[in-house]
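K.L.:
What follows is a single structure, and I will ask about it in a moment.
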Amino acid sequence: MANKVVTGTIEVICGCMFSGKTEELIRVLKRALIAKQNVLVFKHSSDIRYSESELYSHNSQKISSRLISNISEILLQNLDQIDVIGIDEAQFFSDDIVDVIEQLMDKGIRVVIAGLDLDYKRRPFGCMPKILAIANKVKKLTAICSNCGDEAYYSQRLIKNEELVLVGTSEWYEPRCRKHHKIKDQVEKTFQVIQNFDSNLIEDRKM
């Protein structure tokens, strides 16, 4: 009788800021601990908003975690007895995360990942599209628009800063629906279209 091949899985929790991604990740990992499974939790080293040794959600749920800057650091850990690995803020890691996830699954490990699927300009964020493509399960969460109370899918940046990676809290970001989400580039593009239209209109009148 052939030996049973044990394979791992990958689950992704994604959505905009304040949609409860980290809270859901912590909930899933705590359930695994209740089931007597061995769990390791990692988060990107840029996220030290609440703690360096614990993963915190915005509603103060927490679980012990380790800071890493390079996703391959996970493979340096002793994983022989590990059943579940949680990774938060996955969008900040390099594309190497896909290879790391594949290796973890080959070891029979269940990988649960949380991250922003879109950046503040509504574009696919970093490595997240590749992670979503290989996921076995995807849970997309939404928040409540801070302007109108409708379902929010996007993260509105509130400060003037063009850096893509800018870890912040409610003072820097808030959730918005599409109607109320504003993109600086989009506003400038609209203004340019209006200017071009006015210029063409003036030229037509001269003819």
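Each residue, glycine too, has its Cβ placed from N, Cα and C.
For reference, TrEMBL lists these features for the protein:
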type	residues	note
BINDING	Gly15, Cys16, Met17, Phe18, Ser19, Gly20, Lys21, Thr22, Asp88, Glu89, Ala90, Gln91	ATP binding site
ACT_SITE	Glu89	active site, proton acceptor
BINDING	Cys145, Cys148, Cys177, His180	Zn(2+) binding site
BINDING	Val165, Leu166, Val167, Gly168, Tyr173	substrate binding site
K.L.:
Nearest to Met17 (ATP binding site) by Cα, among Glu89, Cys145, Cys148, Tyr173, His180 (recorded positions)?
P.N.:
Tyr173
K.L.:
Within 10 Å of the Cβ of Cys148 (Zn(2+) binding site), how many other Cβ atoms can be counted across all chains shown?
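P.N.:
Around Cys148 (Zn(2+) binding site), other Cβ atoms within 10 Å: 12.
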K.L.:
Using Cys148 (Zn(2+) binding site) as the reference point, find which of the recorded positions Lys21, Asp88, Glu89, Tyr173 has the shortest Cα-to-Cα distance to it.
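P.N.:
With Cα distances computed to Cys148 (Zn(2+) binding site), the winner among Lys21, Asp88, Glu89, Tyr173 is Tyr173.
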K.L.:
Mind giving me a neighbour count for Gly15 (ATP binding site)? Other Cβ atoms within 10 Å of its Cβ, every protein chain shown.
P.N.:
24
K.L.:
Find the one among the binding-site residues Ser19, Lys21, Cys177, His180 whose C-alpha lies closest to that of Glu89 (active site, proton acceptor).
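P.N.:
So, of the listed binding-site residues, the one sitting closest to Glu89 (active site, proton acceptor) is Lys21.
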K.L.:
What is the maximum Cα to Cα distance, in Å and rounded to a whole number, among the residues Gly15, Cys16, Met17, Phe18, Ser19, Gly20, Lys21, Thr22, Asp88, Glu89, Ala90, Gln91 annotated as binding ATP?
P.N.:
16
K.L.:
Would you mind checking how many other C-beta atoms are within 10 angstroms of the C-beta on Lys21 (ATP binding site)?
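P.N.:
Result for Lys21 (ATP binding site): 28 other Cβ atoms within 10 Å.
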K.L.:
Report the residues of the chain - excluding Cys145, Cys148, Cys177, His180 - with C-beta within 8 Å of the mean position of the site's C-beta atoms, for the recorded Zn(2+) site, in sequence order.
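P.N.:
Neighbours within 8 Å of the Cβ centroid, excluding Cys145, Cys148, Cys177, His180: Ser146, Asn147, Gly149, Asp150, Ala152, Arg176, Arg178, Lys179, His181.
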K.L.:
If you measure Gly15 (ATP binding site) to His180 (Zn(2+) binding site) at Cα, how many Å is it?
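P.N.:
Approximately 17 Å lies between the Cα of Gly15 (ATP binding site) and that of His180 (Zn(2+) binding site).
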K.L.:
Mind telling me which of the binding-site residues Ala90, Cys177 has the densest Cβ neighbourhood, counting other Cβ atoms within 10 Å?
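P.N.:
Checking each of Ala90, Cys177, the winner is Ala90.
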K.L.:
How big is the gap, in Å, between the Cα of Cys145 (Zn(2+) binding site) and that of Tyr173 (substrate binding site), rounded to a whole number?
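P.N.:
Answer for this pair: 12 Å between alpha carbons.
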K.L.:
From the binding-site residues Tyr173, Cys177, His180, pick the residue whose C-alpha lies nearest to the C-alpha of Lys21 (ATP binding site).
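P.N.:
Closest candidate to Lys21 (ATP binding site), judged by Cα separation, is Tyr173.
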